[in-house]
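> Here's a structure for you.
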Amino acid sequence: MTDRNEFLNDINKIVIKIGTSSLTKQNCDSTKENCSIDPTFIENIAAQVSELRKLGKEVIVVSSGAIGVGLYELGIAPKPREIPIRQAAAAVGQSILMQYWSEAFSKHGIKVAQILLTYEFYSDRVSYLNLRNSISTLLEYGVVPIINENDCTCTNEIEAIFGDNDKLSAMVASKIDADLLIILSDIDGLFDKNPKIHEDARLISLVEKITPEIESYGGDPTSFKGVGGMRTKIKAAKICSMAGCYVLIANSEIEDVLLKVLSGKEIGTLFLAERHIQKNRARWIILSRASGTIRVDAGAKAAVLGKNSLLSAGVVDVEGNFDRGDVVRLECEGRVFAKGITDYTSEELMKIKGAHTDEIEGILGYNNYSNVIKKENIGIMEN
């Protein structure tokens, strides 16, 4: 058994992600699907956060639950398919959610601040950079930021983007250089097989590196109230790993779970971080929404992983429509291994794919860039 204190002794900045199922578990109707906020749970979390702050820890909370609470309050049947209804529910539920958080923390003399984000926010470089400053300022003033996705105004299908805020919490943790992301849900951690089906399923206490085998353990979502299954939590761990941030997945039903985790108790699954931390710009590129895909050959992949630029000779195919300056995925043999900011449009790349640099001008009539993607504009997603 691994000594958790070996990894968690120097933890100072913590992001706590709380899933919908945890927030509403004890306050459901007879169907077990239509649920409202469990105030006792929120009060317990606030009390634990207060204790962590007394120990000098900085804490940010990422809270799901707005849509579910809104549906309950409006008397709407669970899981409506219509986006406008879900957005309306989110608007109602978010205000109620914040009221509970504010009241719970006020009992400990702590103020809270609401921050609502969308994925598009991360694709804008200026907004992305400003997030760090905003959160840092709130922490300096002793405020606990409460973050959620802006479900009411997001232009994409709700919950298809962040995965019940698993990805959102990881992106926040990555951006603010958090030391630890704690994901609380209704599951005990990562198992080598589905524990609801297999009695011999084994809880994996420590993940040193996220391998394809580890990813295969993700399976399908396990919680019927949230949308964030284990697969999205593993993806969240991958995002945090490249930023040097640990991830701990634990069951929210454990009494004083946050305090026990930080005291080194063997709870849930701990994902370690990469030793090589991606630079801030590379992290932004990786976290940005891709406008398309550039498929490359094995030689080009090796060159990119070796911290070299992508040349047109290594381009095999192009998918999607994108312009110069857009973020695109780099794919080889069906696997995305990097993202980058392209210097050529998809239309141009279709014409020059496979061509050597000195042939570009003859094909296009001009040669504005010798590289398809400069090395400083690439974020590596696998080593």
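Including glycine, each Cβ sits where the backbone N, Cα and C put it.
In case it's useful when we look at the structure, here is the feature table from Swiss-Prot:
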- Lys17, Ser185, Asp186: ATP binding site (BINDING)
- Ser64, Asp151, Asn165: substrate binding site (BINDING)
- 291-367: domain 'PUA' (DOMAIN)
> For the domain 'PUA' (291-367), would you mind checking the mean pLDDT of the predicted model?
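Mean pLDDT for the domain 'PUA' (291-367): 95.
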> Which numbers of helix, strand and coil residues does DSSP report for the domain 'PUA' (291-367)?
26 helix, 23 strand, 28 coil
> Would you count the other C-beta atoms found within 10 angstroms of the C-beta of Ser185 (ATP binding site) for me?
28
> Nearest to Ser64 (substrate binding site) by Cα distance: which of the binding-site residues Lys17, Ser185, Asp186 is it?
Lys17
> Which secondary structure state does DSSP assign to Ser185 (ATP binding site), in the simple three-class scheme?
strand
> Rounding to the nearest whole angstrom, report the longest C-alpha distance spanning Lys17, Ser185, Asp186, listed for ATP.
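Comparing all Cα pairs, the maximum is 12 Å.
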> Given the binding-site residues Lys17, Ser185, Asp186, which one's Cα is the least distant from that of Asn165 (substrate binding site)?
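For Asn165 (substrate binding site), the closest Cα among Lys17, Ser185, Asp186 is found at Lys17.
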> If you count Cβ atoms within 10 Å of the Cβ of Ser64 (substrate binding site), leaving out that atom itself, what do you get?
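So the Cβ neighbour count for Ser64 (substrate binding site) comes to 32.
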